[in-house]
Amino acid sequence: MLQIQENVSLKNFNTFGIDANARYFAEISHADELTELFADPIWLSMPRLILGGGSNMLMVADFNGLVIRLNIRGIEHRISHNDVFVEAGAGEVWNDLVNYCVDHGYAGMENLSLIPGSVGASPIQNIGAYGVELKDVFESCQAFEIASGSLKTFTKEDCRFGYRESVFKGELAGQYIIVSVKFHLSLVPNFNLKYGAIEQELAARGISEPTLKDVSQVVSHIRVSKLPDPSTIGNAGSFFKNPVITAEEFGPIQQNHPDVVHYPAGDGLVKLAAGWLIEQCGWKGKTVGNTGTWKNQALVLVNHGGATGEEVYGLSSQIIDSVYTKFGVTLHREVNIVK
Ligand code: FAD
Ligand code: EPU
């Protein structure tokens with residue numbers, strides 16, 4: 001039976017550890033409960049927030065509406081020749097799914113090891129790390145359309161994935177709740193080891209023919225060395241996207257700052273490392289009140305304890321201003337701001 005609680009603290013439901021309250025809070029364990037919930041016009045008309053692991057949001061105020069936490073569980077798989085199709089409930093923990101696949105020898109997700117959050121949120125911003133994005137292993141997802149109360153299947157094309165983008169963040173924002181995601185993996189690994197320090201770390205471990213588990217462990221090791229653990233220091237990973245600019249915009253920046261960290265982004269576009277831009281503005285490791293940027297990765301804003309969402313948001317605005325003043329580049333927040 002669906003239960004709705006009142007005045008629930010979200011402190012343990014967001015990895016920033018911000019102490020904000022939800023006016024109403026419902027936990028959903030089965031897609032049918034969404035039908036039950038929205039059969040009542042009160043909930044249909046109320047502001048709502050869909051919550052997975054809360055690892056990509058900043059609560060800047062109490063939420064005066066209904067928080068719907070997805071806890072739909074279950075992992076199923078089907079094997080056809082070398083293809084593996086794995087379907088997981090939205091409430092499964094992303095890294096548990098990665099471990100399940102790595103342990104079973106299903107290849108494709110190993111570079112996405114240790115990303116926090118839920119399976120259901122993974123298509124929202126097309127999670128990515130170490131040269132792989134969700135779209136590379138995504139087959140389809142099932143989503144509940146709030147207005148009609150029906151379930152719809154979205155193919156990869158329907159989702160219009162881009163860098164930290166999808167149709168669910170864009171034109172369909174707020175209209176669908178993802179209840180399950182299906183992935184297309186393989187029994188034959190096609191390793192992507194070129195990114196960052198993966199090859200270096202494998203070599204340091206004396207591994208020349210890595211297994212899925214080796215790659216997963218190496219990626220996890222690199223991540224732990226750079227990123228703060230949300231269980232000890234509040235954060236939501238990269239706070240901003242890496243800015244993508246045109247070659248014309250890039251020219252003068254490179255001339256003035258020959259060491260600018262950048263990557264080709266296709267179609268003549270250039271992606272800049274936001275962490276580098278922020279560090280150059282003197283923010284790396286800086287503490288401002290209860291908040292600050294992480295000492296090993298300036299792109300990560302942290303809660304040193306007791307920070308309010310407004311404080312973190314304020315710091316992010318200061319960073320945007322100083323990067324714009326120094327480089328003429330506008331940073332866009334990657335973290336979802338909840339008011
Ligand atoms: P939440 O924070 O709960 O929600 C995020 C957004 O998705 C919100 O807008 C929410 O309303 C919406 N949403 C959530 N679930 C659903 C659903 N079922 N249906 C519809 N909408 C939904 N991200 C990367 O891409 N790559 C990384 O390498 C990475 N590293 C990270 C490292 C750290 C230490 C941390 C804290 C975060 C990192 N992130 C990274 C960000 C985060 O892990 C991902 O964005 C993740 O997918 C968020 O999942 P979540 O369940 O916590 O989503
Ligand atoms: N850099 C600095 N100073 C810093 C941080 C970075 O100079 O303080 C420079 C370094 O040259 C470094 C480069 O930036 O080599 C890239 O840094 P890193 O490898 O840490 O990756 P990133 O571009 O900062 C992105 C994602 C991460 C993802 C990693 C690995 C975005 C916004 N962030 O970070 O995703 O884990 O690549 O693939 O694209 C997240 O989305 O929350 C997240 C952590």
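Every residue, even glycine, has its Cβ placed from backbone N, Cα and C.
According to TrEMBL:
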ACT_SITE  Arg164  active site
ACT_SITE  Ser238  active site, proton donor
ACT_SITE  Glu334  active site
DOMAIN    17-188  domain 'FAD-binding PCMH-type'
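Other Cβ atoms within 10 Å of the Cβ of Ser238 (active site, proton donor), summed over all protein chains shown, number 20. A distance of 7 Å separates the Cα atom of Ser238 (active site, proton donor) from that of Glu334 (active site). Rounded to a whole value, the Cα-Cα separation of Glu334 (active site) and Arg164 (active site) is 8 Å.
When Cβ atoms from all protein chains are considered, those within 10 Å of Glu334 (active site) total 18, not counting its own.
A mean pLDDT of 98 is what the model gives for the domain 'FAD-binding PCMH-type' (17-188).
The Cβ of Arg164 (active site) has 19 neighbouring Cβ atoms from other residues within 10 Å, across all protein chains displayed.
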